Amino acid sequence: MSAPNYSTVNYDMFVLIGIPGLRELHMWISIPFCLMYLVAVAGNGILIYVVAVERSLHEPMYLFLSLLAFWDLILSTSTVPKALSIFWFDDMDISFGGCVTQLFFMHFAFVVESGILLAMAFDRYVAICYPLRYTTILSHGVIGKIGGAVVFRGFATVFPIVFLVKRLPFCRTNIIAHTFCEHMGLAKLACADITINIWYGISVPLLSVMLDMVTIVVSYGLILRAVFRLPSHDARMKALSTCGSHVCVILMFYLPGIFTVIAQRFGRKIPKHVHILLANLYVLVPPMMNPVIYGVKTKQIRERVALVFSSKGKYC
């Protein structure tokens, strides 16, 4: 069989057109996007700083939380600034290398955050089911190894996508109907067989995230069983309240992602601009809400944030 007769054109620049059909509203859409991004950067930055400077917060739960805040910043910063530059300055051009870099860090952060949420579920399981051995099981050395394993798994899962995209010839169009680059959106522009991209993009990253979700559900099943075996009502309520923030963060992370995947897979009648808005909200809302949820529901963080900034104010 003869080789496919592809054009000699191979684009090294692409055009991100923003939100199709809503270009006249780009400036208005940019306002909530910018505000949410600023809240995400400020909230996660404050959270990381407070956990770093306050030794009383150098506990497993808060160390994992600071890791989550760091990767929230990576997730939102890899996509939102480019979207804002499109909305404000019509800066639609992006190099092929920049496009691949953007999609890598976006998918990388997503898989790493899923692993961190699993680690946080394990932390709550140990804290409630083995309270006397909590600090022994989750020592700083163990936390470092867990964090390293989560990052390595995310890198090993997502990095092959870079090679899968780089091997593709692009000779049909260089226009991407989105505000940022993502794997399948870029691969569909190729004038070559993308079967491997489709299977890898669906199976490997999603299976790792699905495995995390199942393990988290099992962990919380064991946690709930242990909680309801506690003899005191107050002890049960206290144990449940310590898990409340984490459950909210889990729901904020997974539910929009699941809805976005379902909408893309089965919502063919949903307008394109709705898909793109959902994708942008997914990289904005969880990073914005996570520090707010923990700040509101966790007394230690509220107190330490107030203490740090009140002490700073004394020297102004």
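From the backbone N, Cα and C atoms, a Cβ is placed for every residue, glycine too.
Record features, source TrEMBL:
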- 43-294: domain 'G-protein coupled receptors family 1 profile' (DOMAIN)
- 25-50: transmembrane segment (TRANSMEM)
- 62-84: transmembrane segment (TRANSMEM)
- 104-122: transmembrane segment (TRANSMEM)
- 142-165: transmembrane segment (TRANSMEM)
- 206-228: transmembrane segment (TRANSMEM)
- 240-262: transmembrane segment (TRANSMEM)
- 274-294: transmembrane segment (TRANSMEM)
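Confidence for the domain 'G-protein coupled receptors family 1 profile' (43-294), expressed as mean pLDDT, is 87. In this chain, the transmembrane segment (274-294) lies close to the transmembrane segment (25-50): three or more C-beta pairs between them fall below 8 angstroms, excluding pairs fewer than 6 positions apart. Under the criterion of 3 or more C-beta pairs below 8 Å, with sequence separation of 6 or more, the transmembrane segment (206-228) and the transmembrane segment (62-84) do not qualify as touching, having fewer than 3 such pairs.
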